[in-house]
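**Q** Before I ask anything, here is the structure I am working with.
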Amino acid sequence: MKGRSLKLKEAHKTDGVGSSCSILWDNEARRIITSSSSDPALSIHYVDQEQQPPKPPRILKHHRDGVTAIALSPNSTCLASGSVDHSVKLYGFPCGEFQSNVTRFTLPIRCLAFNRSGSLLAAAGDDEGIKLVATIDGSISRVLKGHRGSVTGLAFDPNNEYLASIDEIGTVIIWELSSGKPIHTLEAIAPDCGSDTSILNIVSWSPDGEMLAVPGLKHDVVMYDRDTAEKLFTLKGEHSKPICFSSWSPNGKYIATSGLDKQVLVWDVEQRQDIDRQKFEDRICSLAWKPNGNALAIIDIRGKFGLWEAVVPSSMKSPIDGIPNSQTRNTSGVLLFGEDDDKTTNISGSLDDNKEDSFGESLPMNRKRLRKQSVLDESMDEESDEKGELLPQVKLRKKITAKYGKSVGGEEVSSRFMKHGMMKMQGAFQPGSTPVQAGKRRFLCYNMLGSVTTIENDGYSHIEVDFHDTGRGPRVPSMTDYFDFTMASLNEVGSVFANPCKGEKNMSTLMYRPYSSWANNSEWSMRFEVEEVKVVALGVGWIAAVTSLNFLRIFTEGGLQRHIISLDGPVVTAAGFKDQLAIISHASDCLPSGDQILDVKVFNISNGTQPIKCRATLTPGSSLAWLGFSEEGQLSTYDSKGVLRVFSEQYGGSWLPLFSASREKSEEENYWVVGLSASKLFCITCKSPDTYPQVMPKPVLTLLNLSFPLASSDLGADELENEFMMCNLYLSQIRKKIEEMEAGGLDTSTLDDEAFNVEAALDRCILRLIASCCNGDKLVRATELARLLTLEKSIKGAVKLVTTLKLPNLAERISGMLEERLMVETMETTTRPNPASSDTIATNGVQALRSSPLPENKRISEPSIPHPPPELRTSNQVSAKLHSTVSSKQLKTEEKTKTGERKTMPIRNTCEKNVEERINQVGQLHRPTNPFAKASSAGEEKSSLLDSIKKMKKV
């Protein structure tokens, strides 16, 4: 061991506690980035500066807790950091400007890694799952599950085919990026880190991507083959304790390792022996080779870092001589358009970002590249022409597939290769149906009411209709199906069935079967020649079928052909609810990215209108998986990425995301949607890889809460904020129904009560949010929330709440809001024109009294004074109440005038006095600052609305 010592300087304070620290070079070797799990800040150090005094490091402090992992993109333009606070952040480099929070975990982050192009960031930690994040838009490309402990190390191989990961218990998994599946799992081949978070198992690929270095169980480094994961050789030297970090030299000839024995060893990989070593006072937890020199940057567990110069003796080959070319060809041997440099970025965030051709199709992954490369190259030479045209390349890919019995991504090349911009459009499907399974019963329809199942037996199919609640529907006998129906729909009164074109005449059949009828032979069927039924739907009094000719055919329950409408494009699916029929069809060809462009139309069958016409909103890269209506009649969709959207009249008609499966399910679960209510999603949970349920055993419905995909709030009150938004949405839906019923002259008393209950629940939620804002010192937000309170009692509660929290300024503002409302109501009352006569006054008083929304138990016939409901009514409603009070007082004054009791009372004073009385009735609120308030005399006679009207009648 050499007697020299390295001088380290402090980069991060650790308070004497061992921490997990990290160190990185930029690609120009001008800056060093350091971090520590005891420090929420990153440091960018300038190492090639000549100015005096030296430039101080740039400090990036955006985390709330210690930084446990850092990673720099290969082109040194993007810096990523992960923290104990569960977040992953991106920064511009070298400026250090904060860009975004790309993802969050539920537990601390332990490791990060960029792929070769920097378009994909892998992040993992104590959650045991690995998230692959597309850096261009922050979307989650995939989540990899397989580890049973905290993931402590990640590494993309330089050829961008694999991702290697290691956990705290020593298990290594090699993932294939094209499929996201593990191809090799090596259990317990590395040391168990235990509970010490400052010790992390790591993995590292050699610069040429041929070997994976893993800490061994015998204080050594073990090299594994990239394709077979077979053990190649070990590097065993002077380490007396397990190895905790390793770093390859730029040319891959050397590797440096640090161990728990506080030593750093430098190895000649070809000779398999150590050529130098250094002893330190504390354990070195991270190393980084200088990208253009013979030096190592090191950092210990105390946050001290330094440079080890001249690591490799001058008599040996330099660590930067013969650096492998980073522009490696893909291993299929086929040169793609735009693959000649690293500047091609995959904007879709695909996992296989460097192996994607201009048509969006991934190339075959050849795991035995070393043995088959020469064979593929020979095939290329034979088939390719000098111009490199597309057709010879396609033929070559087909020939390679036929020769080796493999296909691109596990599918036939010819079936997946499509022209640019002509991706396959989604085919038609029936909501609630499952695919054909030989010898098994399957669902033709499954909804909130019941199910229709079929199974083939003796050449025919047997159909059964079952209701979830036998009390809602009759018992329906099974039916022998001679038409081989493939789709169905059911409601409370009947079922409709259809099949595709079949038979010699190539005919499609539609059949409707009611459960009961006063007439015999009420079942009917229709035949379509050279026209195929694609989707069927049912409603109240109508049956609909959409055909391959883009015809919407509407029939009555008795079989009368009522309407035939041409649609704008091929149908995708349809659903019915009472008078409404929703149809989704293609608006045009798919985008080059493969995204579907779908139109949504909702027809009101009873009045022949089209209340909704818009575009369907899908998650990028997804397809439509379900269409239906909620129990309240709200149009809803669910896509293949697990996002549920509900159509709302807000903002002129928009889709609201109310559920995301990625926030609920595990990687091993899929949700098959059945229906939804105002607050719950009804679905069947299927174990991956199944995406639909089996008929037997009988599926069990799972109820999941609807929730908006809210951003992580600085209040930490995500559940309250979601409840607030859900209540607002539900209240808007109720008010919409009330407007529709009032327009039709229907009684809305039930909906009025429901709206009041929702308003009360919304106020309770707002009060809790105000409390959270006060505790989080977000007083402006608390003021905004107070303005949204509906009930007067709630506003008083808000004043009491903020007063208890000792926030007098906020309490004064909220009190001012209540005063402002009352002042506006008073102003509207005093500006009303005076009636011309007692008859006019009486008429206006009665009309105002009738317009006042008094409860049933507070009618005029009762002798008690009517008490208004506890909520703050709209200005018009309050004005009507106040006007009735004013009118009755004026009547009383005129009556006294006729009997000889002449009394002069200005109408303005009468209004002010009665406004004061009315306000005292509504909550006994003292308002000394109200300029319209006037103290009433102690001996003044009080009278109710009832007394005023009785006296008016006597006159």
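Heads up, the Cβ atoms here are built off N, Cα and C, so glycines get one too.
Curation plays no part in TrEMBL annotations; they are all automatic predictions.
Among the features that TrEMBL reports, compositional bias 'Polar residues' is placed at 873-890. The domain 'WDHD1 first WD40' annotation in TrEMBL covers 23-307. Annotation comment: TrEMBL describes 428-710 as domain 'WDHD1/CFT4 second beta-propeller'. What TrEMBL records for 719-822 is domain 'WDHD1/CFT4 helical bundle'. Annotation comment: TrEMBL describes 332-389, 852-902, 921-955 as region 'Disordered'. As annotated by TrEMBL, repeat 'WD' applies to 60-91, 144-185, 236-277.
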**Q** Mind tallying the repeat 'WD' (60-91) by DSSP state, helix then strand then coil?
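**A** For the repeat 'WD' (60-91), the helix, strand and coil counts are 0 helix, 19 strand, 13 coil.
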**Q** As a test of reading the model: what is the averaged pLDDT for the repeat 'WD' (144-185)?
**A** 92
**Q** Where DSSP helix means H, G or I and strand means E or B, what are the helix, strand and coil counts for the repeat 'WD' (144-185)?
**A** 0 helix, 24 strand, 18 coil
**Q** Taking helix as H, G and I and strand as E and B in DSSP, count the residues of the domain 'WDHD1/CFT4 helical bundle' (719-822) in helix, strand and coil.
**A** 88 helix, 1 strand, 15 coil
**Q** What counts of helix, strand and coil residues does DSSP assign across the repeat 'WD' (236-277)?
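**A** Across the repeat 'WD' (236-277), DSSP assigns the residues as follows: 0 helix, 23 strand, 19 coil.
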